[in-house]
Amino acid sequence: MAGKKKRTPNLQNDSWVVVAADSVINTKKHDSDPTFVRLRNPATDGASLYLLGSGDTQLYEVKAFEEDFHSWFVGQIVNRDGRLLFVTPMDPLYLILPYLIKSGNEGKFQPVHQVVMDEEFPACSRLLSCTRAQASLHHIAEEKEVGSQKFYRYSQERTMNWLKKKVERIVVALKKKNISVGEGVKSSTYVRAQIKSEDQEDDYLRYAHGLISEYICEDLSKAFLKHLGLPELTSPKETEPPSKKRKLSDKPVEAGEDYTKFNSADFARKPPKKMTAAQKSLAKVDKSGMKTMSSFFSPKVKAEKK
Amino acid sequence: MDLSPFEANNSVSCRLVSQIPDVCRTEDCCLGIDEAGRGPVLGPMVYGICFCPVSKKEELKDSKVADSKTLSEEERENLFQKLDEAKSYVGWALQILSPNTISTSMLQRTKYNLNALSHDTAIDLIQYALDSGVQLKEVFVDTVGPAEKYEQKLSQRFPGIDVTVRPKADSLFPIVSAASICAKVARDRVVKGWNFTEDLGEVDTDYGSGYPNDPKTKAWLLKYLDPVFGYPQFVRFSWSTAQTLMDSKAVTVHWDDDEEAGEKAAQRQNNRSMLSYFSAAVGGGDQSAPHQTHRFFTERKLKSVDAL
């Protein structure tokens with residue numbers, strides 16, 4: 001019965017369950033409301049949803065907790081969309097970085113508003129009004145000041161140092177939150193005895209690198225891994241043994257187990273399982289005068305005698 | 001019979017008991033078990049036990065207790081009155097299984113069917129009598145499921161007690177008839193005065209017999225079907241009558257133990273097709289593979305959102 005149920009497509013709904021700090025919706029200081037904007041996701045190069053606080057002073061990313069079979073009861077309303085949206089502060093530099101890298105290939109110093117431009121995502125220029133954005137550009141670019149104007153050029157070296165600081169802070173946060181980072185640990189609810197911290201240092205570093213790679217492009221992520229001095233992990237596919245059959249020895253093949261014990265008398269067969277209704281009714285049929293199936297296959301003795 | 005403990009919270013199972021007659025603690029006793037309200041889609045199922053000294057069996061017979069189904073409601077009430085008056089040697093105990101208990105038992109993740117629920121309730125009640133010091137020697141039970149199996153189960157559970165399980169035991173043994181009257185009277189009273197915990201306003205109590213094939217019951221079920229919540233707790237959700245109506249009239253609800261089969265389910269669970277193991281690996285590297293989300297996010301079921 002349940003198998004027949006079909007999930008109807010999630011229709012447009014106009015309410016969501018969102019977890020956000022009060023400061024996100026605090027519009028007292030500025031006249032504009034906080035707005036959701038679609039911007040280029042630096043890791044996927046596709047569109048992702050972000051939120052700009054009022055006055056575009058703070059950038060937030062939007063993540064959704066999404067699992068099958070969830071719905072909300074909100075007040076007197078059922079919301080079919082069981083997602084829980086998180087609006088969390090984000091460093092706008094991550095989103096500005098891809099544009100700087102792109103223009104960095106030209107090798108010129110440029111005013112930043114000429115760099116952060118995107119036909120597909122015109123809202124990206126608003127990133128520059130974030131309080132942290134312009135002031136922290138020196139973390140990822142070299143600066144030149146000519147008159148009152150500032151010019152920037154992407155610097156891989158500065159970016160690496162900036163990312164390294166980020167990773168160090170992530171490691172601190174991971175330890176503080178007791179997040180299990182080891183390869184073997186699957187469940188975060190499974191509490192295991194503390195392992196030697198030195199062994200885990202690399203695990204933490206790799207985990208933090210993985211987390212930061214969610215916010216930078218793949219090429220940068222690889223370069224950064226090298227910068228951290230961590231070897232690239234080989235994919236498990238390559239380490240798999242060849243699927244060829246191997247001959248272990250030239251000795252004749254012998255049975256590994258003794259099956260003759262099943263031939264002894266005390267090895268009783270299990271009684272047959274319950275018969276189906278059809279089998280039962282067949283069993284009740286009057287079989288007197290019927291030939292057995294095998295009789296049809298044995299030579300016809302009588303016929304030959306005649 | 002004071003029903004107030006059950007009426008205070010009719011969403012759970014509740015036990016009502018009489019005083020234990022003193023003779024039952026000293027003399028060998030017989031005990032009868034019967035239930036009322038097994039079939040209806042509405043209201044509770046009530047399990048009743050009645051016990052008395054073996055020596056008083058004849059007196060019980062003389063009081064003309066009979067199968068509760070052959071009696072009118074009024075006759076049942078009168079007979080229950082008589083039983084209550086005979087409290088010097090007759091004791092009883094009831095277990096009221098609320099419709100909510102039945103629904104949640106039968107529909108929980110590890111299914112607990114009505115027969116198992118019935119058997120366990122019967123066992124609990126016998127145990128209650130033993131714990132109260134009743135000197136049980138004989139137990140008579142109206143069967144649920146195959147009689148021999150049930151009898152074996154009870155005999156094993158209570159060694160030393162002579163257990164007799166019979167279909168139609170309520171018309172064969174007066175002590176079972178007495179139990180059946182207690183159960184039936186309790187069920188009638190509970191159903192009549194059902195306290196709806198839901199805010200339904202003025203509830204139409206004309207729901208007929210409560211049996212699935214009663215047109216009045218069906219009409220009532222249709223009337224009180226809420227598209228989101230289904231029914232009030234008065235209805236046994238596990239009954240196919242209720243389920244079919246909800247399937248056709250109410251909003252579809254998906255649970256994660258819904259049985260899904262076939263390719264779609266496999267796809268949803270990210271299972272690899274068996275065939276993929278036999279075909280040559282496509283391409284060589286994972287270079288073209290899309291961005292893989294870090295396990296910090298996948299373990300927490302967190303995803304980026306691209307639109308609201």
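Cβ coordinates come from backbone N, Cα and C, glycine included.
Because TrEMBL annotations are produced automatically, they should be read as predictions rather than curated entries.
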Further binder of divalent metal cation named by TrEMBL next to B:Asp34, B:Glu35, taken from the candidates B:Asp142, B:Asp162, B:Asp188, B:Asp199: B:Asp142
I'd like the Cβ neighbour count for B:Asp34 (divalent metal cation binding site), meaning other Cβ atoms within 10 Å of its Cβ, all protein chains included. 28
Within 8 Å of the Cβ centroid of the divalent metal cation site residues B:Asp34, B:Glu35, B:Asp142, which other residues of the same chain have their Cβ? B:Ile33, B:Ala36, B:Tyr47, B:Gly48, B:Val141, B:Val144, B:Ala169, B:Asp170, B:Val176, B:Ala179, B:Ser180, B:Ala183
Within 10 angstroms of the C-beta of B:Glu35 (divalent metal cation binding site), what count of other C-beta atoms is obtained when all protein chains are considered? 23
Just to confirm: which same-chain residues, 6+ apart in sequence, have a Cβ under 8 Å from the Cβ of B:Asp142 (divalent metal cation binding site)? B:Ile33, B:Asp34, B:Glu35, B:Val165, B:Arg166, B:Pro167, B:Lys168, B:Ala169, B:Asp170, B:Val176, B:Ser180
